[in-house]
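Straight from TrEMBL, the features:
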- 234-256: transmembrane segment (TRANSMEM)
- 298-324: transmembrane segment (TRANSMEM)
- 330-349: transmembrane segment (TRANSMEM)
- 370-391: transmembrane segment (TRANSMEM)
- 403-426: transmembrane segment (TRANSMEM)
- 447-480: transmembrane segment (TRANSMEM)
- 486-514: transmembrane segment (TRANSMEM)
- 526-545: transmembrane segment (TRANSMEM)
- 557-585: transmembrane segment (TRANSMEM)
């Protein structure tokens, strides 16, 4: 088979694996330069023997002819079994196969075309493998009326499997009888398909058609990014907003009615007898700001969460404003990495501030842990997954040079910035608690079953996950089923809803916890909203078994490995949001009451 531009025969599910196809014609292949994001995604861009001349239609161009041996036939069959796709680009536009879906009126685009297909001849039950060896390209262009110049605005293909025939011996002047430009005979169906078997001869051909389009060059990506499921997205937003309104109502009731009444009562107590009878959250005022167990680890996780939150927020704003265009392949991944690196400043600052509030003195130790713990765990998982891809001899494996670049970004930029942020944060005066902490810890009364830490933490993660799970379906589909995802406006709205939901559910559960005279809220506030990551991982497992057709163990390990990284990052993000919401809430209510 001949090289296609960029010849990424990509496993439909093994992300980011791309391999070269077997049995290729002798064409000099040259790699194009890729940016950091493209390399991490597994994109490898190479040249192609398919030659297009602007507005010059071509018919039945012969690219090459090969005879398969047993090994090549076996590899082609494996590619067809694994649903490999051929991806090409022309003028930076990806090749798509348009097809009509029965449930909607508009066309839907599949990114790339399949290497081949499986089928049976009429009257036979034996399953055969057929290869797509004839491509009918349609290049859409927009003509400028004033200058007459034309620019490419669309790149589509219809793949066919055709057993080409010719007369006499094969040479440079051989003409095909199945596809002949002189006789105006072209391929329109796959009635006599090309089998993939040992000793079979395959001839690769292509047509090029040019079609004028009303779509202007500036809008050429619009058709690719047209979402057929807008209604579902709006349903997702409305569903999430209902959760937020429900939670907001609960928070408003707590803040305006219950808390206001509590604070008024606490501040109007006249006699000592009345003061001794006080109950509820005021009782634990002497312990509520007591240093938690493993406070150093909490500082590290809060710092990492701030770093991740800053990265996601800035990236979402840029993406929603249209700066991260899909025409800039790998731009999103590159932006994420660079933003993560530079947000190290805020990670160091926030972890050092919290550490100093807990009366910590070894700020360099906490800084090192902040700089290395979260990215170290992610990098370790990524390294193992990359070793598996490398073992499969896939071009999707991250090369040594890129790995070195990642290490440089981490050690050369991120770590120093974490130290700078930490130094500045530790130099600032410590955050003062609104109430004094007793020397002897108060005994926590036995809690009702529904207020136990495990139950309350698991309940707290359901609503934040419920706010994002519909959008999560589209994100997973875009990653693993090669759909375009570029509705960052919706995603930004969902992100705002996630922030509000995490904050409000944590405040509500923290209030109930304090009213039950349980003052160990530090870690619980982090884990309450952070537990939504557990539901996220369970949903990705459900998606794996219901939507994907992955049979190879390596592919499954890759899927769950990458989803584990995503869930871990989501835990750190949502946990930090919940922690800061609870931190603000407790300081607010305890600074509002008079305490002798």
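Positions of Cβ are set from backbone N, Cα and C atoms, glycine also.
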CB contact flag for the transmembrane segment (370-391) and the transmembrane segment (298-324), at least three pairs under 8 A: yes
Contact call for the transmembrane segment (234-256) and the transmembrane segment (330-349): at least 3 Cβ pairs under 8 Å, seq gap 6+: no
Outside the transmembrane segment (526-545), six or more residues from its ends: residues with CB under 8 Å to it: 298, 301-302, 456-458, 460-465, 468-469, 472-473, 476, 502-503, 505-506, 509-510, 556, 559-560, 563-564, 566-568, 570-572, 574-579, 581
Positions on the same chain near the transmembrane segment (298-324), where near means CB under 8 A and six or more residues out: 292, 331-332, 335-336, 339-340, 343-344, 346-352, 354-355, 358, 360, 366, 369-370, 373-374, 418, 488-489, 491-492, 495, 522-523, 526, 569, 572-573, 575-577, 579-580
Remote residues contacting the transmembrane segment (557-585) - C-beta distance under 8 A, at least 6 residues beyond either end: 13-15, 17, 298, 301-302, 304-306, 308-309, 312, 374, 377-378, 381-382, 384-385, 388-389, 460-461, 464, 480, 498-499, 502-507, 510-511, 521-522, 525-534, 536-537, 540-541, 544, 548, 550
Long-range environment of the transmembrane segment (486-514) - Cβ separation under 8 angstroms, sequence gap at least 6: 221, 225, 227, 233, 236-237, 240-241, 243-244, 247-248, 250-251, 254, 258-259, 280-281, 284, 288, 312-313, 316-317, 319-320, 324, 326, 451, 456, 459-460, 463-464, 467-468, 471, 474-475, 521, 524-525, 528-529, 532, 574, 577-582, 585-586
